[in-house]
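Peer 1: Submitted below is the structure of interest, expressed as structure tokens.
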Amino acid sequence: MNVSKYVAIFSFVFIQLISVGKVFANADERMTTFRENIAQTWQQPEHYDLYIPAITWHARFAYDKEKTDRYNERPWGGGFGLSRWDEKGNWHGLYAMAFKDSWNKWEPIAGYGWESTWRPLADENFHLGLGFTAGVTARDNWNYIPLPVLLPLASVGYGPVTFQMTYIPGTYNNGNVYFAWMRFQF
């Protein structure tokens, strides 16, 4: 190899290493913002929320029929939360909820949720949201060992009533579950 190839390879590697430093710096900033949002929601909530589970649906393309025939898809339970809207109009919430899972066993979950919120109509009460939740759950079939979760969130709402949902990804006969609930804001 001639010198110009070595210079090109060295330059490429050097640029990649510089980029990694920027990524970690941005990750630190995002983590600080994440912690501050949780603290502010806990310390300065605007609303108290009631959570009522509405539906659990197992994606039929990802399950054997005999399994889905046995699964519970009508979770019942409830939860409580604290929430606020930030200066950009985005939703932040802390919550704890318990519901009957696919096996009709109790599953608790607690965490933080964030949604970027849009108000596409002239009526400001109507809102759409897209974001994430990060928390901890525990399941009977995992001996109630605490399991971390990081899941997408989506919602449609009017005023203080919101239909909020997530999708739990998975493999064949495991995961691939749509879960939704009503959130009433007081």
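Glycine is no exception: its Cβ is also placed from the backbone N, Cα and C atoms.
The feature signal peptide is assigned by Swiss-Prot to 1-25. The active site feature in Swiss-Prot is assigned to HIS58, ASP101, SER102. Here Swiss-Prot flags LYS67 as site 'Role in lipopolysaccharide recognition'. The feature site 'Role in the phospholipid gating' is assigned by Swiss-Prot to TYR172.
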Peer 1: I'd like the Cβ neighbour count for SER102 (active site), meaning other Cβ atoms within 10 Å of its Cβ, all protein chains included.
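Peer 2: Total other Cβ atoms inside 10 Å, all chains included: 20.
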Peer 1: At the Cα level, what's the spacing in Å between HIS58 (active site) and ASP101 (active site), rounded?
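Peer 2: The separation of the Cα atoms works out to 11 Å.
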Peer 1: Nearest to TYR172 (site 'Role in the phospholipid gating') by Cα, among LYS67, ASP101, SER102 (recorded positions)?
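Peer 2: The answer is LYS67.
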Peer 1: I need the CA-to-CA distance for LYS67 (site 'Role in lipopolysaccharide recognition') versus SER102 (active site), whole Å please.
Peer 2: 10
Peer 1: Measuring CB to CB from ASP101 (active site), give everything in the same chain under 8 Å that is also at least six residues away in sequence.
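Peer 2: Counting only residues 6 or more apart in sequence, the Cβ neighbours of ASP101 (active site) under 8 Å are THR56, ASN72, PRO75, GLU107, ARG139, ASP140.
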Peer 1: By a simple count, how many Cβ atoms lie within 10 Å of the Cβ of LYS67 (site 'Role in lipopolysaccharide recognition'), its own Cβ left out?
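Peer 2: Its Cβ has 13 other Cβ atoms within 10 Å.
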Peer 1: What is the number of other Cβ atoms found within 10 Å of the Cβ of HIS58 (active site)?
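Peer 2: Around the Cβ of HIS58 (active site), 21 other Cβ atoms lie within 10 Å.
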